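Structure, as structure tokens:
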């Protein structure tokens, strides 16, 4: 029971989410207790709480912020205690802060909606536009939170992505309109200028920063040229000539406003300094269309940033476990000339060499001459937990990193962590 509570129900992601939410609930309770009356609550204080939370939720997802967090983690030396490195490696679960602040911001806005509604009925607030905008914003925030639930997101990912993007932009635009209306009302009562009111309100500055964070990734929107290399009927490798940092990934798209698909970048396996590649395997409608008919050009947005595998660098020896096309993200680490740790590799999938080609297999063997590569089509599905544990013990590794489908990733990570072994895998609940 304790293992289940600690490593599933109460994992780091949910701990961060709960910590953020509980802190905000306590602040809201204190505010209510101090005022003693809902009519005494200052709408500007509530607006500040809303904007602060949504700003943090937006900023922590920004590419540069993510890069800074990973680079700070990489500064931790191998000589640091393993327990400390294990804790720091959990920085990739920062999505708990993102979702926690988003829900908390929605909670604060609900309080603001109640106050605005009461003030309007009591004639304290006479602007019908403020009331209508507040109700519309409340509905949009609730919609964003509801559609971001892991169950809906996994089942209807495209709808989630579109709603998150367009509803988010609409919320920011309407925030500006409502903030202007509130500032105008306050300025008329205090006989000051609207600019004076803006300058004194933290919510204005939070909204400025929030808007900049929303715009910034689109300033780096580029159309890259890719050269397709057919690996098999199930996978294609897309080569590009642009320089990207080591251990990073990019998101590509055919329709920038509608969908984005992230892939880890691999360094050139031919010894060339410039460029790299990504592997796209048949795992859905979009990827199947890309494998069957790859384009010469795709849109790339934002700045290439690291993923969970990048945190393997702070350990001396690791076990990397992957299945099928998960070898693509793994090659961003194991094939990099900047890799500073040793690794054992466990790779299982249907006919790996046939699907991904001999060059990929050679790169895996080069990183780990004793790599365990299993053809699940010929030998059946292996016991990945047992094999992972065996490799961990044999190699005296310090951590396990898993790149696979959600079910197997969670199974292996839980099985290792419940044995006291540091284990890490992608998060799908953010």
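Glycine too: its Cβ is placed from the backbone N, Cα and C atoms.
Among the ranges 146-164, 184-202, 203-221, 222-240, the stretch that TrEMBL annotates as transmembrane segment is 203-221. Looking at the stretches 47-70, 71-94, 95-118, the one that TrEMBL records under the feature transmembrane segment is 95-118. With Cβ pairs under 8 Å as the measure, the transmembrane segment (95-118) is packed most heavily against 12-32, out of 12-32, 124-145, 166-183, 203-221. For the transmembrane segment (203-221), the partner stretch with the highest count of Cβ pairs under 8 angstroms, out of 12-32, 124-145, 166-183, is 166-183.
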